[in-house]
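K.L.:
Not my notes, these are from TrEMBL:
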REPEAT    5-39  repeat 'PPR'
REPEAT    139-169  repeat 'PPR'
REPEAT    170-204  repeat 'PPR'
REPEAT    271-305  repeat 'PPR'
REPEAT    372-406  repeat 'PPR'
REPEAT    407-442  repeat 'PPR'
DOMAIN    587-679  domain 'DYW'
Amino acid sequence: MPHRNLFTYNALLSTLAHARLLNDMEALFASMTQRDIVSYNAVIAGFSGGGSHARAVRVYHALLEADSSVRPSRITMSAMVMAASALGDRALGRQFHCQILRLGFGANAFVGSPLVDMYAKMGLVGDAKRVFDEMEGKNVVMYNTMITGLLQCKMVEEARQLFEVMMDRDSITWTTMVTGFTQNGLESEALDIFRRMRFQGIAIDQYTFGSILTACGALSALEQGKQIHAYIIRTRYDDNVSVGSALVDMYSKCRSIKLAETVFQRMTCKNIISWTALIVGYGQNGCSEEAVRVFSEMQRDGIDPDDYTLGSVISSCANLASLEEGAQFHCLALVLGLMHYITVSNALVTLYGKYGSIEDAHRLFDEMSFHDQVSWTALVSGYAQFGRAKDTIDLFEKMLAKGVKPDGVTFIGVLSACSRAGFVEKGRSYFRSMQKDHGIVPIDDHYTCMIDLYSRSGKLKEAEEFIKQMPMHPDAIGWGTLLSACRLRGDMEIGKWAAENLLEIDPQNPASYVLLCSMHAAKGQWNEVAQLRRGMRDRQVKKEPGCSWIMYKNKVHIFSADDQSHPCSKGIYEKLKWLNSKMLEEGYKPDVSSVLHDVADTDKVHMVSHHSEKLAIAFGLIFVPQEMPIRIVKNLRVCVDCHNATKFISKITGRDILVRDAVRFHKFSNGVCSCGDFW
């Protein structure tokens, strides 16, 4: 151009700013001999749009210092408020607010909306409300901004009052209320607002659908969720990837995983959020193997996991029998560079803790640059489940010293550790502290831990008194815990009381029958045993058969008592025969107290010698390499004889044996178990 003027310079500046060519824009701006407010606004907008908010602020400072004839406009001040908000700089934001007032823009809605938004995002909701009240000619945008700020600061009633006095509301107003109520845990109110929105005939978009489906999932409101799904199909939003992902999440949380699968399979377009929703859904519904399978399908589909997806599938892996599966995901996290994400690290700490590899869990914990409440709780729970009570308590005290606030899950780990170590007074102290110092209201799991604490220590009368003082009745696990302790201690009176209450709340639970049978059998009261068995038959109550399994070469080998169906049964039984002879030489004496049949002692010894975990251990001794530990998973609690026998086996063979039963981990090494024979 032979003749350039300020207008053409500004036009090119604006073009470079929109194209995010920031270096070229800055060079052109520096070469200009004349500038006006349009020039400065273009450069400020370019830097802010490119995420360089600090550079945008520097340009504003240059504007103030350069030429007193160039005066900031409302566009300039709006941009600067948004820059301060993005930087999270309260002091800078207040300075801009002062300049807005000095320039006479205090009542201008164009500047007022960003100011309200800035103060609300910084948690200064009082300042946001003051700016809002001073605005003239408030429009729906300002109302929406103020309502959003109030809801973000959990001022739900104030947001509701403002919403009700609005003369004009748009779809954003209604969606803001639905989303805000959902995020503040008021899902029922969110549903009410959604119904009013529908009655008013307001157009519903993907954001509204996403929020209301989240509310349905939190409430497990399956029927309402299905109705909204039908409306989604009618309004042709079922092809929207965000809505589809929200539907998968809603059905998963409503325990309708098959419907979640169906929605997912019908989605024509899937993204990382869709895949993650299904993976998390499988994990929430106890379908760990399916979660791993879908994760593999996602990778084959060419979608790389993010930290949340990988953390979710690792959490699902913690419920599988194979440590190798989890180790593969650990390797994947290293390859993808996701180890620095706390979601991944926390999931791995939990994984190794659940597998009984507590040293690996602690090493990972130490390698983390930052620990949150979940990190500490994962390690505390790992040590607790492993039976290392002193380490659990030391770690918990260190957590408190670091200023990390424990939650209810942390206290479950600590109380269970006190229970397993018999630390009655310390457990009482922590239970009181949980309520008094941390404001945590006890739930069934906490009460069960306390019942277990008293019961394991033989303080059955104290357990009885504790239950009578509880604000609610124990659940089935609580009564079962007390009943189990009564069997161990031979207390028929409290045992019958516990059994009656367990039968009342869960008549189909076989535990009450089995434990009572065991108590009568130990006293030789076989008529009572026969009567209880008849009661089980009449009520069609079936005892869950015990089984144990071990992973070898990516295949799960499952064993039940006296099982001879395995292809390697001959070798397994020969190995068991050899082990029995060696154990007897070492002083092993079979404990037949778990046998509930009136048969000869020799028959009882034969029964306990072929329990499922012993068959699985024999298989492991044959096939698992000497340098590797043998890992067994059992669906029921380990019986006294198997626990005792496994200690002898670990000493005879020099092998570490890890058994994960229905209650906890046992690590057997050189004739000693990590639980200290207290389980």
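Each Cβ is built from the backbone N, Cα and C atoms, and glycine gets one as well.
What TrEMBL says about a protein is an automatic prediction, not a curated fact.
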K.L.:
In the repeat 'PPR' (271-305), how many residues does DSSP call helix, how many strand, and how many coil?
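P.N.:
Within the repeat 'PPR' (271-305) the tally stands at 26 helix, 0 strand, 9 coil.
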K.L.:
Where does the mean pLDDT land for the domain 'DYW' (587-679)?
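P.N.:
Per the prediction, mean pLDDT sits at 81 for the domain 'DYW' (587-679).
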K.L.:
Where else in the chain does the repeat 'PPR' (407-442) make close Cβ contacts, counting only residues six or more beyond its ends and a cut-off under 8 Å?
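P.N.:
That would be 373, 376-377, 380-381, 383-385, 387-390, 392-393, 396, 399, 449-450, 452-454, 456-457, 459, 664, 675-676, 678-679.
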K.L.:
Within the repeat 'PPR' (372-406), count helix residues (DSSP H, G, I), strand residues (E, B) and coil residues, in that order.
P.N.:
26 helix, 0 strand, 9 coil
